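For Asp826, Glu864, Asp896, His1029, the entry in Swiss-Prot reads active site. Positions annotated as domain 'PAZ' by Swiss-Prot, on the basis of sequence analysis: 469-583. Among the features that Swiss-Prot reports, domain 'Piwi' is placed at 749-1040, with the record citing sequence analysis.
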Amino acid sequence: MDPKKPCFPGLPGATRIPWLQQQAWGRGLRSDEPAIGRARGLMFATDGSASLGRARGFTTAGDTLLMQYGRGVPFPVSDPSIGFARGIPMPTSEDGGINRPRGWLLSTADPTVGVARGEPLLGLGPHLGQATPGQLAKQDLPEEMPSLQAEEEVVAKQVDMSTQGQGSSLVSMFRGMGIDPSKTWGRGGLPVGRGVFGAELQPQTAPVGAVAVAGPGGDRFPEDMMGQGNSFLGRGVPSQMVGMGRASMHPLGAGRGPTVPPTLPPSLHKEAHMTPGCSLTKGELKMEATCETLHKTGTKGTPLPIGSNHITIHCRNEAVYQYHVTFTPNVESMGMRFGMMKDHRPTTGEVVAFDGSILYLPVKMEEVVHLKSVRRTDNQEVDIKVQMTKILPPNSDLCIPFYNVVLRRVMKILGLKLVGRNHYDPKSAVILGKHRLQVWPGYSTCIKHTDGGLYLQVDVSHKVLRNDSVLDCMNVIYQQSRESFQDECTKELIGSIVITRYNNRTYRIDDIEWGKSPKDTFTMADGSTTTFVEYYSKNYGITIKEMDQPMLIHRPKERSKPGGKQVITGEILLLPELSFTTGIPDKMRKDFRAMKDLTMHINVSSEQHTHSLKQLLKNINTNPEAQTELARWGLEISQDILVTIGRILPLETICLQSVSFVTGADVSWSREVIRDASISCIPMNCWAIFYPRRCAEQAEELVSCFGKVAGPMGLRLDRPIRVELKDDRTETYVKSIHSQLTSEPNVQLVVCIMTGNRDDLYSAIKKLCCVQSPVPSQAINVRTISQPQKLRSVAQKILLQMNCKLGGELWTVNVPLKHLMVIGVDVHHDTSKKNRSVMGFVASLNSLLTRWYSRVTFQMPNEEIINGFRVCLLAALQKYYGVNHNFPEKIVVYRDGVSDGQLKTVELYEIPQLLKCFETFPNYEPKLAFIVVQKRVSTNLYSCSGDRFGTPPPGTVLDHTVTNREWVDFYLMAHHVRQGCGLPTRNISVYNTANLSPDHLQRLTFKMCHMYWNWPGTIRVPAPCKYAHKLAFLSGQYLHSEPAIQLADKLYFL
């Protein structure tokens, strides 16, 4: 790490990672005994001099209170300097020196704070964790960011001391849930976390002279000091205490929120907070504390009653009790552990959730309970120690996994069949005999803990199945192409998903085994051998009719148990006769009438959606067996869906060249854009149109219509160069276009009229015009322009699109932020190369947000997306400077294609690298807002009017109750819904130093949904995201390479 790197933008005196200022533990030694080099390396003199140990974990003498830094050691706060991480401190001046080998040195006039790997440490003294922001601002923290993987590994290693002491490698299936060692930064809201903090035993003071006790799993502490928390497992004796409990300790590590006021930008100082400390008496267990909510609610707009597909869950139990179970001598077998615990149900009760080491009960037992069992394999007596470690509130994140298990049992009781992750009702299937399909209605369910509490989220789901089995499909293929039967079957079936009706399980077809049949034998789990015919007859009562059919092969993904043992290996063979393909066939997708019949049953209205939800709730609440199952854990599900108050954002004003107007209730301005001039129109002086001979009439009519409708729209176009092709082969198009561009290099635009939906022809034209001979191109299907009554409307839309591709500007909305750059990013998977992905990047270049700069980067799975992101951002900033002669002061990034599980990666890795880009330009520190956009959400919103539910109007925003507790997020319904129910978009503010309040974020996002020029109305996502998606899709689906840089300042990909 280069010590000369500049400080973190906007954070005076601090470096890139403000959360490193929170208290944490490292790998050092105790503070109350003479310093001894116990870690790795040599000892240094303990005379209090400034020279210190250079490896990891060395101390100097001192009897003052110490704190550990990184992997280093505690140092007395009276020393002139402290070596951070692994370096050797050097003599320093008053303002502190720099540790040349690795790291920064901190001035010790300020309180020292542990900054190891982000794990909060309970106070080592009354004054710790109370440093003022002013004091912390003086410190120079390291710029190097800790690896996310490394942090997770540390947590995994330090989770359970007792189990490690026994040498067990088991990992709890609940371990790590809700436990987050890192801290968030730069969100622009109150940092708060999901960490489980709190109900641990009182940290015990380590007596002077105490030493670590060696055990099979490494150094550990005597029994009276042992905890199940992220302790100092074998890394030396801790300073003052040992953590009890499996999560970060109470209450300094509030999940992802700061425990010590970090050095924040001025805009964030108001929102930062500290979690108050609390003292515990020895042996006392307290209820896990609850987290404060983030400031995320806006005020702009008109209040509106909003319904959602969330159902309130009430917890009648006062608490859920967590116990740690220790087997002495150790029992490796998980099955044996479960069996032993089952023998003691009279003690633990019938309602348990046990994962092999952690036990959850709705009832409270003694703090420590000893049970006796006999291991049947060798008659060895086993002592089972059950020790209470935490008292959880019933709505704790740690309880949600087994609540979902309870919910799955309830759905089974109601007669619903589990297919994949959702539950369906085959008895209520809708048969579409004309199309040989059937639709199973069902539900997707999960229990979530949101800002409003514990909710059951239910969405209506449909499973489309074919009435014909895979064997029937094979017979049809055989009749059509006997010579290439096997090849055609492979093309048709490989990669498709099938369901086996006898067990309602789905499988992906990976291959076809032509050399095997149902008459072949296989070995069962017990070692016996049987044929497929006998197996299905004996186990399912199914008689196989076709004895010579081949077998379908499914290769399961490699999975392993927590202990690392493989679960499924080899291949699974399926019978085509018993397998039915799922999903909509490709041929049917292209059939408009068939899709119309199907969508009638799939795209249900808001009224039908809520009716289905209420029917499910009625079935649950009127079924005694289901109620009994829920009552075992004290759960009670409400009988109605959630209704709360949302807001409708103010309508926006659309600005054309000389006209501006407020959008209507349906947020559509298709009439205005064709009768008034666009902001900027590019004259089409030289353009060419290519068409096959049989489409000559349609081409002439289209050109004539262009001339009639262009005037009112402000467009001026000359007569085109007409090129009539002798046929419609791909080679004919490519050769003709290339020849024309060579002979006439000033061609502004290429228009191609094609017959049919031909991907090969479209791809060849786009490769030529986007990569080899860069020129904007427009592809038109002849069917689109074959209906005279619609030709005028079609011609107007095509002209608008052509104007965009040439660099024209259609409309804009008023965005009051000055010197703003808005960026859109999306990722698409390249179809030509397995696992290769392509990132589309689009950035605005002017204050009206009407000029755009675009780039594309490709990367393999082992490459980080940020590498290409950085290149694109630097190029966009340079282009922005070339247009405006200054850099943007605020940058707002809309990032699509990020799931919840990847949010931390974005926060901890992508954003710091983006901030590093700004250092390329001297004295440049822009404000940054990073917003993740999620389209695939299971939250539905409804407008409420009495007992009736409908579709919310465009501009509806909901920023509370159903939002996530960890992030500043909101749901936005920006588009007008004509069919189906309201599916909003979730927007998550991952980073915000741009002083953008929740109102600013929501209104800016809504404004950006008006800026997609391919549609005169609002769309679901901000326009930069949609542009980036179109660009990434074109590059990954058809180009398979980066487009020419000459087209980067045009929207050629629309």
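Placed from the backbone N, Cα and C atoms, the Cβ positions cover glycine too.
Keep in mind it's a predicted model, so treat the numbers as computed, not measured.
Annotated features taken from Swiss-Prot, shown on the structure.
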| residue | record | DSSP class |
| --- | --- | --- |
| Asp826 | active site | strand |
| Asp896 | active site | strand |
| His1029 | active site | helix |
Worksheet entry | Candidates Asp826, His1029: member of the active-site residues with the richest Cβ shell (10 Å) | Asp826
Fill in: Between His1029 (active site) and Asp896 (active site): CA-CA distance (Å)
8
Worksheet item: Which value does the mean pLDDT take for the domain 'PAZ' (469-583) in this predicted structure?
Response: 85
Practice prompt. Go ahead and report the DSSP secondary structure tallies for the domain 'PAZ' (469-583): helix first, then strand, then coil.
Written response: 32 helix, 31 strand, 52 coil
Worksheet item: What is the separation, in Å, between the Cα atoms of Asp826 (active site) and His1029 (active site)?
Response: 5
Worksheet item: If you draw a 10 Å sphere on the Cβ of Asp896 (active site), how many other Cβ atoms land inside?
Response: 24
